[in-house]
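*Asks:* Below are the features listed in TrEMBL for this protein:
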- 36-55: compositional bias 'Basic and acidic residues' (COMPBIAS)
- 61-72: compositional bias 'Polar residues' (COMPBIAS)
- 210-420: domain 'Cation efflux protein transmembrane' (DOMAIN)
- 33-72: region 'Disordered' (REGION)
- 209-230: transmembrane segment (TRANSMEM)
- 277-301: transmembrane segment (TRANSMEM)
- 313-334: transmembrane segment (TRANSMEM)
- 368-388: transmembrane segment (TRANSMEM)
- 394-413: transmembrane segment (TRANSMEM)
Amino acid sequence: GWQASMKSGSLSYILPCNRLPVQLMSQVRVYTSSGQKKDLGSEDRNRSTPEETLHKVGTGRQDTTSAGQKQSFLKEPIQVKVKAVLKKREYGPKYTQNNFITGVRAINEFCLKSSDLDQLRKIKRRSPHDDTESFTVYLRSDVEAKSLEVWGSPEALARERKRRKEAEIKYRENLFRNQRLLREYKEFFGNTKPRSSAAAMFFKGPGKVVMVAICINGLNFFFKLLAWVYTGSASMFSEAIHSLADTCNQALLALGISQSARTPDPSHPYGFTNMRYIASLISGVGIFMMGAGLSWYHGIIGLLHPHPIESLLWAYCILAGSLVSEGATLLVAINEIRRSARAKGLSFYQYVVQSRDPSTNVVLLEDAAAVLSVAVAATCMGLTSLTGNPYYDSVGSLGVGTLLGTVSAFLIYTNTEALLGRSIQPEQLQRLTELLESDPVVRAIHDVKATDMGMSKVRFKAEVDFDGRVVTRSYLEKQDIEQLLQEIQQVKTLEELEAFMLKHGENIIDTLGAEVDRLEKDLKQRNPDVRHVDLEIL
């Protein structure tokens, strides 16, 4: 027979001629989590297998060097430490039933009464709002069990939810019908109630500017229309159409102002402030289609089919009166924009270009175009009177149309940019970023976005990397350290350690939430334009 011996690490493989016995020559000591040591090689050290006996008897050619290596290897045991870890838990639906739910949601979603909640366990939690310290919540599992106790079965609860939904729809229909009847009653008998806040908006600020413009442009349209009927001037017709377009557009602006004052509802949680931009955008489109389009049309018709013009004396008088009235409205709009721009720390040009107040901007641009168009119309009519050539009058109509088209294009562009949600100025964004980064609890911020929602309302969003050590230290500063040390010394088992970590871990998370609330409050206090803050925790 033949034999071969191979040694690798702690294993010695002996290959006889007829079988392959494997001998593990090592000593293993295992340390358990309790600290006890077990010697697994001591029991079998003096015990020999038949293969070992055969090897010892049948081979006398094994050298002493191999035996010495085996003996030295047996003196070095292998030590293995077992790490103690917690058993991984499976968080299923049963665990999530312990989530909290507010009393309002419990009443609405599970069709309960407030008296039903008095019997349930109450838990005080940190409030996400600034005006309250804490609020009461209930365990969702308790609320679900109470709803089944009240209604008897899930099917009965589903039927009650359906019935209440139908009753709510019917209530809304009746409310709309009653509001319409009440409006008709007020129109017939008169409204003796005090002036509402929506109506008060038209007696100051942009509302006042729009109402003054509506009254003046309405009178201008009436007198310009009479002058066009008397003279047949194409320029006078363009001026009448211009005043009519201004009156209609400013009435639309007044509607936008009144709608923007509506309070937010569940369907529109951020309010209706963009209604001013929508009204201004439609106004710009109306100026282009109604004012510029008809002026161009009438001017082209005058060039193709010229006809003599009657006496222009009355037309000049009406244009002079229109110039005075439009100039007065323009001054009102300029003063309002200057006052608002000074309050925001902006120049007059920046305030207009950024469309901070779309309603006043429309009045300003429309009245500026009206003053210029009166000058253009008067010049062209004067040239027609001096030369007797009606083509000058038609050219004046085309000039007024071009001026209105330019104003409408500017209004469409600025209001579209505002509705798309443009960013705030880089300087203002830098101040907000520096305020966050200077706070010790913030390690870094990423993906910063600040959107101008219109009417001096900014929505700020950022991803914040909080410093966990600072948050934890903020929590420890509010704790009794000696009592906390005693709790740590009382921890003896894994279960007690888990309970200790869960308790203080939840408190640290609440501390993190309080830090987020503090940062949001600081941003709003130092920057009044910031109305909505969204901080995402990394």
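Heads up, the Cβ atoms here are built off N, Cα and C, so glycines get one too.
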*Asks:* If I count Cβ-Cβ pairs under 8 A between the transmembrane segment (394-413) and each of 209-230, 277-301, 313-334, 368-388, which range comes out on top?
*Replies:* 277-301
*Asks:* Determine which residues of the chain contact the transmembrane segment (277-301) at the Cβ level, with the cut-off under 8 Å and only residues 6 or more beyond its ends counted.
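*Replies:* Answer is 234, 237-238, 241-242, 244-246, 248-250, 252-253, 255-257, 259, 355, 358-359, 361-362, 366, 394-398, 400-402, 404-405, 407-412, 415-416, 418-419, 454.
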*Asks:* Report, as numbers and ranges, every residue of the chain located at least six residues beyond the transmembrane segment (313-334) whose Cβ falls under 8 Å of a Cβ in that stretch; write 'none' if there are none.
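*Replies:* Same-chain contacts beyond the ends: 208-209, 212-213, 216-217, 219-220, 223-224, 226-227, 230-231, 233, 236, 239, 243, 360, 363-364, 367-368, 370-371, 374-375, 377-378, 381.
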*Asks:* Grab the same-chain neighbours of the transmembrane segment (368-388) for me: Cβ-Cβ under 8 Å, and only residues 6 or more beyond its ends, written as numbers and ranges.
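*Replies:* Apart from its flanks, the transmembrane segment (368-388) reaches 217, 220, 233, 235-236, 238-239, 242-243, 246, 308-309, 312, 315-316, 319, 322-323, 326-327, 330, 395-397, 399-400, 403-404, 406-407.
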